[in-house]
Amino acid sequence: MPSWIPLPAFCCLLLPWAFTVFHKTLGNPAPHPGPHYLLPPIHEVIHSRRGATATLPCVLGTSPPSYKVRWSKVEPGELRETLILITNGLHARDYGLLGGRASLRRGHRLDASLIIKNVRLEDEGRYRCELINGIEDESVALTLRLEGVVFPYQPSRGRYQFNYFEAKRACEEQDGRLATYSQLYQAWTEGLDWCNAGWLLEGSVRYPVLNARAPCGGHGRPGIRSYGPRDRSRDRYDAFCFTSALAGQVFFVPGRLTLSEAHAVCRRRGAVVAKVGHLYAAWKFSGLDRCDGGWLADGSVRFPITTPRPRCGGLPDPGVRSFGFPRPQQAAYGTYCYAEK
């Protein structure tokens, strides 16, 4: 019997083994090892409100001989992280992004959880807790999400007047900030239907449609319509703003006032004329319901409805109704005031 195997037969014997090795190498890659020292968080999304205290959990299962823990915030729409705090387990150094409102919880020696006091609108976003031990770094990511309300905003000059930077400033002037895509999506799931496109914080331009119709994106499926990439300096749209719970209180003063008289009336009560974001927050979180139009600080006249009824808004859904921007000298409305507690 010959001791050699013909080449074709040898290839046939080798092929199944080679295919098995190839399948294991490419089809079933080894799983990426998870964190060795950091425990995975029980909740990756932490919910909070403006003015509250939020805790972002980061706990070590065991302590390496030498290490540092680095907290940073991942900026939306940008490929960079902003440093917040570094600790070596004994001492911590604050880098000032949160203005001294950030500290470590230190519930025990393996606790590196981050506490953020007096949460602000700009604190919402994605955070990273990174363990640096000089051998193999590892990290966990968490998202701080604020409860709030998204509202469309345009100036007295009419629709599509803002470039990106003007839209950002306009929201801040109305006690808000530009909404993120996730905030707009959440508002859409809660009933926001709006045909005018507006800037978002990431620099995109979108609008939410619940009832698809010809003059509002066409007869397609409901969803978030997108205008694609836009020039932040040249292109002009409205703004979608986001605000959260208030530290103070919104109240209505009846009368037939001009805008300047409205400012005087609120000042006499130790308050200021409310901003648009104040009114939306009071409607959302305090259930403010009033059929009377009132002046706001931007010169618009609006009123909040939580229980729609005849001759009180004329629309079936709750929300903040607008009379637009009447002449400031027109003495026909009361005013909504805002007072800090």
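Please read every residue number as a count from 1 along the shown chain.
Every residue gets a Cβ built from N, Cα and C, even glycine.
A disulfide bond in Swiss-Prot ties CYS58 to one cysteine from CYS129, CYS171, CYS195, and that cysteine is CYS129. According to Swiss-Prot, CYS266 forms a disulfide bond with CYS337, chosen from CYS12, CYS171, CYS195, CYS337. On the backbone, the CA of CYS171 (disulfide bond) and the CA of CYS337 (disulfide bond) stand 19 Å apart. Nearest in space to CYS241 (disulfide bond), taking C-alpha to C-alpha distance over the disulfide-bonded residues CYS266, CYS312, CYS337, is CYS337. Secondary structure at CYS266 (disulfide bond), as computed by DSSP, is helix. Per-class residue totals from DSSP over the domain 'Link 2' (246-339), listed helix then strand then coil: 21 helix, 33 strand, 40 coil.
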